[in-house]
Amino acid sequence: MAAEIKNLKDLQNTEYGLKKLFSDAEDFLPLLGTDYVELYVGNAKQAAHFYKTAFGFQSEAYAGLETGLKDRVSYVIKQDKIKLVLTTPLTKDGPINDHINLHGDAAKVIALWVDDAASAFEETTKRGAKPFLEPTREEDGDGYIIKSGIYTYGETVHMFIERKNYNGIFLPGFTKWESHYNPEPVGLKFIDHIVGNVGWDEMNTWCKFYAEVMGFAQIISFADDDIATDYTALMSKVMSNGNGRIKFPINEPAKGKKKSQIEEYLDFYNGPGVQHLALATDDIVATVSQMRDRGVEFLYVPDTYYDDILERVGDIDEDVEVLKKHGILIDRDEEGYLLQLFTNNILDRPTMFIEVIQRKGAQSFGVGNFKALFEAIERQQARRGTL
Ligand code: FE2
């Protein structure tokens, strides 16, 4: 694909046209949306409490010893369209234990909602995907689902979930989780994108995987000099499915004077994996201030970031002083602008974090902020004589 294609609109304007480009995707793998993200964690009960308290998720469903499981427990938490599943093993050995031991708490499954999970499995494995789970039927009194799974980067998995014949709370085997502790939502609406970090020289391999195996198209690409200061370099490409609901940026480290933040991730995660979930809100000031009040720590944004902000992004609806007070970042592309902010790592290993994003027309991912933010930090370092 041509390098000048920066967004979906550009793609539409190419000689191929969006429909033609995505026609294969629509033929062989229609994805209706993200179904859920499952995290393997050391202590799901406490993790669920954290995500409810700090991020405003609601108790949704539960499966464990009480529902007949012997080897693990899962809590499902929900906020608007976002569903997270937190799973902990109850026995000493097994694949979940191994995963936690190697990667720490981690996003294992990015589940995709499909009409036909058997066909999704067949079409993707036929194109070279490594199988994780053959199409499997699960049922209970509320109907049945079909699920199947394939591996993507590292040990991360895409599960295809076909739920058109199911009316239960989540999936067969889960029961409604009733809790007396129900902190208010903070306004997070849906998953905007999910970013994967892959190893040196692996970005193109995985973009090719999404293109050829999943029928995605590349919508944006950033070279190392786009997202590079002297100290932090990375490269990124964004893959999107046909209807644009699923967007997976893929990062790889790039050479700089110091260790790339992607390389640091790979060291602590012990391989490729999910770096961040970007969760959309339509009122980022309200969302971020509530999250701060509830103890969420965000990436520190130096005041200098705002010094030349309006020159960089032009007119915006929001009061810059309010954005500055909350440390909210702004970036603009050809279609509009976006507001975003990144949490600090939400785990002890410097691996996963959460992004809060509000789009005001922009369809890109805030590349201007990477550089502006890192340079702002470096300006401060320079003043302190620590650069
Ligand atoms: Fe992001």
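Using the three backbone atoms N, Cα and C, a Cβ is placed for every residue, glycine included.
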Can you find which of HIS180, HIS193 TrEMBL lists as binding Fe cation at the same site as HIS276, GLU355?
HIS193
Taking the recorded Fe cation site as HIS193, HIS276, GLU355, identify the other residues of that chain whose CB atom sits within 8 Å of the mean position of the site's CB atoms, giving them in sequence order.
ASP192, ILE194, VAL195, PRO249, GLN275, LEU277, ALA278, LEU279, PHE342, ILE354, ILE357, PHE365
